[in-house]
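Listed features, source TrEMBL:
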type: COMPBIAS; residues: 305-320; note: compositional bias 'Acidic residues'
type: COMPBIAS; residues: 327-339; note: compositional bias 'Acidic residues'
type: DOMAIN; residues: 482-539; note: domain 'DUF7343'
type: REGION; residues: 162-374; note: region 'Disordered'
type: REGION; residues: 542-562; note: region 'Disordered'
């Protein structure tokens, strides 16, 4: 039995060898002619089974060493269509050939004739019975070393196969970075141009200093691409250094690239800490920026820090202290002083030795007149003497009391000799004379004003009003300045009005009227005269003549001994 098998084997090998020899000897491709009922077989596929990658022009890369040993040959898997009996596949390279029969299923695996000349390897389909070559295909193999670097990208061939990169393309993903640099230096994926998929190519991220493997390099909640769009620094959590993260500023209303969005002198983060508005320079709307309020120690969230009725901005304009309700410490709040016409920065506006607060709240005297009752004794003198600073009869009382005192003590002769009685009598006569003179002046001024009004041809002649309120209502207030309105009202009231009447005749506040009149006085447009606790506002032509006489507040009551 063994002899029969040996005989068959020898016969098969001999037939293949003869066919191969014939094919090699012919060195040409002889077309095969199929019979009437058969289809011409052909090579459907010829693929190296040990190929590790495909190179240019279909070249298959194979390792020079297999399992640590140099390769002696490589296997080619061949698939044949319309398989028939007596078919073999052969590989031809470097003048040598290796053949193997095609199985019934049309497949065969044939080895290469060694490892030399594989770049011009060919596979042929051979019919051993007709001694003809049925089909032929070229197969290109290139053996490479595992530690070699075909594309010279800094990544050896073995690592490229493991990473899935292209053996013949130094930059597999085309992002401008060599595959070796991506793996060994940057930790990026050499097969993906944008490793972290944040919309920025790895090369661009490295250029901008961002992390190509992290969507949000600085971890501030904004993706790197978003930061580049809004102009923030994707490598710094707080681009402008104001204490707020870029993400918080972008989601809010502040500018992440400007530490002080509203330019009030306070950083955005600080504003949120103290409760001010980082997008409003003047949070409380008092006319003072938040930064200045902090430097002044006022409250930037409260318009009137000291609660005196004046906004912090008004106080700075008036020169008062916005942190103290009573700047001059005279007992009157700053707003009260402006309403009264007194100075909020001077405790004794009229210089009579009594504070404004005491004159208004305790004594009822005029804080703007050193001699409230016009009796030639200052208010302080009267308070010191125990007389009434609001009564003009004090000199007569002083005189009679002095007479009684002099007689009671036996000094009458001395008083007469020194002329004290004469001086007191003269003072009393002067007081009465001046009162009569003032009345005559007022009557004369009224006559002059009436005559002037009848002949006036001014730009206001079209306003016919006999009261200040009527003049205010008839005037075109949108185009007429406030100063001119005051003059129109004064003309309607014969040239003189109390300050409180001006407030009542208009829709203006006391503070506005006070400031407006003070400005008009400074500009010599009107005259302000203090009458008791009231201000009399006059046109120059309507000013009483007595208002031009020197103040007699320095006259003191006589004392024994001169």
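Positions of Cβ are set from backbone N, Cα and C atoms, glycine also.
Heads up, TrEMBL stuff is auto-annotated, nobody curated it.
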By a Cβ-Cβ criterion of under 8 Å, what residues six or more beyond either terminus of the compositional bias 'Acidic residues' (305-320) are in contact with it?
284, 286-288, 293, 296, 298-299, 326-327, 333-336, 338, 344-345, 511
Residue counts (helix, strand, coil, in that order) that DSSP gives for the compositional bias 'Acidic residues' (305-320)
7 helix, 0 strand, 9 coil
Model confidence over the domain 'DUF7343' (482-539), averaged pLDDT:
91
For the compositional bias 'Acidic residues' (327-339), give the DSSP counts of helix residues, strand residues and coil residues.
6 helix, 0 strand, 7 coil
